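The feature domain 'Peptidase S1' is assigned by Swiss-Prot to 1-229, with sequence analysis given as support. According to Swiss-Prot, the disulfide bond annotation covers 7-141, 28-44, 76-236, 120-190, 152-169, 180-205. According to Swiss-Prot, the feature active site, charge relay system maps to 43, 88, 184, an assignment based on similarity to another entry. According to Swiss-Prot, the N-linked glycosylation site annotation covers 81, 100.
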């Protein structure tokens, strides 16, 4: 996270970290949405990874931290054909449920779509420098604004993004606050609701007039609920 500060230890009980067991590298975030399921970005998928819940500092473990491995992973259309503007979403079933504790509690799915102009909070253990490989020991949090989708489309003509999309655009137009490498898959929380999954942005991060894109959770609710209910053939919205 660029331009943020250390998150309050109590404000991210639903935030999980995806990491590789050997190198202990945190490569993505995710959101616990109930005792057994985590929502993150499809591009965060790796062959072998673990999920750390209830974590704050990488160096000083919370007593109630839990580790899980993915039992099942679900993608849109049961394929990994996501693009920059579509279907960058992955639902992970944990190998065993987690109980609520001091630093672990799921975040409910949104009850209504977000509105442009909302203040949104982003969080993660990703880079805190736009240009250097500087990663914090604790998650950083910062507030950004929900922008018109066009503001993510116009600055990136090379991506040929479609006129409408199931992504949200969020950032600060003057730059300086943004998600960055390592924050992918983490939540975008607008007016207290879990509305987005960090998907992609510019490199270097946090440049003026280069906001980032987030998968729109609200548009995928039917798919998420169907998978959790056991209908594993469900497909994402077209």
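Even glycines carry a Cβ here, placed using N, Cα and C.
Since the structure is predicted, the reported quantities are computational estimates derived from the model, not experimental observations.
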By Cα geometry, the one of the active-site residues (43, 88, 184) nearest residue 236 (disulfide bond) is 88
Spacing of the two Cα atoms, residue 184 (active site, charge relay system) and residue 100 (N-linked glycosylation site), in whole angstrom, works out to 24
One should report the C-alpha separation between residue 152 (disulfide bond) and residue 76 (disulfide bond), rounded to whole angstrom, as 23
Looking only at the recorded positions 7, 43, 88, 100, 180, residue 76 (disulfide bond) has its closest CA neighbour at 88
Residue 44 (disulfide bond) to residue 120 (disulfide bond), Cα to Cα, whole Å, comes out at 22
Candidates 44, 205 (disulfide-bonded residues); min other-Cβ count within 10 Å returns 44
